[in-house]
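Residues or ranges marked as transmembrane segment in TrEMBL: 6-22, 43-62, 74-96, 129-150, 170-189, 201-219, 285-306, 318-337, 349-369, 390-406, 412-429.
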Amino acid sequence: MEMFFYLVFGALGAVVAALELSKTNKDRINTSSAFNSFKNNYLLVYSLMMAGDWLQGPYVYYLYSTYGFGKGEIGQLFIAGFGSSMLFGTIVGSLADKQGRKRACVTYCLTYILSCITKHSPQYKILMIGRILGGIATSLLFSAFESWLVAEHNKRGFEQQWLSITFSKAIFLGNGLVAILSGLFGNLLVDSFSLGPVAPFDAAACFLAIGMVIILSSWTENYGDPSESKDLLTQFRGAAVAIASDEKIALLGAIQSLFEGSMYTFVFLWTPALSPNDEEIPHGFIFATFMLASMLGSSLASRLMARSSPRVESYMQIVFVVSSVSLLLPIVTSFLVAPSNVKSGGISFSGSLQLLGFCTFEACVGIFWPSIMKMRSQYIPEEARSTIMNFFRIPLNIFVCVVLYNVDAFPITVMFGMCSIFLLVASVLQRRLMVIADKPKTQEWAMKERDAEAEPLNL
């Protein structure tokens, strides 16, 4: 492997270590022992949940290909996963507000374990069922756990600012360190121990089972609105009214969809961007480098959120602009750097420049996650937190399905340009959110909800 990859990884590792070791009292928030115990319990569970997710990611496509499925059939399986997350996941995830967030988290574990079990079958129909279950689980992962955390944090009377500590640590560990260790562990199971591509899915099921036991034994239940008189349709309508009538919630949903849509598109594009002529690149090592860059971002976010200034709504404008510029690099290098015609071989000069830009984008991703979590905790009403969060994922899943279906229809530079524009729009919307953030709500949530129930439903 080329020295360049080691240099980038080493430099990022040194910066992350320096950021963590150089934190002063200004960069830390004084908390209580009760909060630290609560936080550590959540971080343990969240890390196990993310380990169950990260272990599967690098081997899904590979497993399907070993079963003899072609690119088209595999693409259909992936589209089914995102479609399931959009349709069934929205319904199941929204039930968390009514049936209980702890119960939804346990459902996530069971659903994802069943999805892992289906990977043992080479039958297309069984694998399709597994993708549908995986889509439902993904919606629960990105809504139920955060909803439980925010409600439980407030129920126990902890200070609101302390939430930012849990958010930043969760991303630092779950989306950074755990992702790197999961990649290495999966590689150990498949390559070193030669256990086959299904082994990481079995390991993921074990981690999910351990996490489920901890949830069942140590978490208490909390709800959004457990009212027996409210059916799912009324719950959906109430959430839609909240989004439509509160500009802050609508802006937050648009910002999230634009950024995450660009992020998931980037996942499909970075490999062909770095190896357009089938250059030999260390995919696993590059993935670990990206996760290290994400850790750098979450470390920066923890420092920023520990201070009263700058506010999240302010610095996220800059983050979106930087991320937009970083994804323009493939377009810029295509014009300024002469393309290499050498087949195979090592990474090109253009690819090296793009890798640095992609690491910058991943650092922005590391800042984005805890920051968007903090803003959601501030602006989304508790009564329908899971429902609204799953509503936010509907345009995201539609966007990813469209991209997957048309991934070969457009040049890669066009796709990156589209993502860059989306991120620039997110920055503009973030500016608008900052402007109106201090304005009082025109209506209380309860009033909106009563209006939603009082108005007849026109079908």
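Keep in mind that glycine also has a Cβ here, set from the backbone N, Cα and C atoms.
Outside the transmembrane segment (74-96), and at least 6 residues removed from its termini, the chain residues within Cβ reach (under 8 Å) are 60-61, 64-65, 103-104, 107, 127-128, 131-140, 143-144, 147, 224, 232, 235-236, 239, 386-387, 389-391, 393-394, 397-398, 400-401, 404-405, 407. Segment contact is absent for the transmembrane segment (349-369) and the transmembrane segment (43-62), given fewer than three CB pairs below 8 angstroms at sequence separation of 6 or more.
Same-chain neighbours of the transmembrane segment (43-62): 74, 78, 105, 108-109, 112, 116, 134, 138, 141, 145, 166, 169-170, 173-175, 178-179, 181-183, 185-186, 190, 197, 200-201, 203-205, 207-208, 210-211, 214-215, 219, 283-284, 287, counting only residues six or more beyond its ends whose CB sits under 8 Å from a CB of the stretch.
At the 8 Å Cβ threshold, with sequence separation of at least 6, the transmembrane segment (285-306) lacks contact with the transmembrane segment (129-150), having fewer than 3 such pairs. Between the transmembrane segment (390-406) and the stretches 129-150, 170-189, 201-219, the greatest number of Cβ pairs separated by less than 8 Å involves 129-150. Residues 42, 45-46, 49, 53, 56, 77-78, 80-86, 88-90, 92-93, 96-97, 101-102, 104-105, 107-108, 111-112, 114-119, 163, 166, 219, 222, 224, 373, 376-377, 382, 385-386, 389-390, 393 of the same chain lie 6+ residues outside the transmembrane segment (129-150) yet bring a C-beta within less than 8 angstroms of a C-beta in it.
Non-local neighbours of the transmembrane segment (201-219) in the same chain are 41, 44-45, 48-49, 51-53, 55-56, 59, 63, 102, 105-106, 109-110, 112-113, 116-117, 119, 148, 152, 185-186, 189; each lies 6+ residues outside the stretch with a CB under 8 Å from one of its CB atoms.
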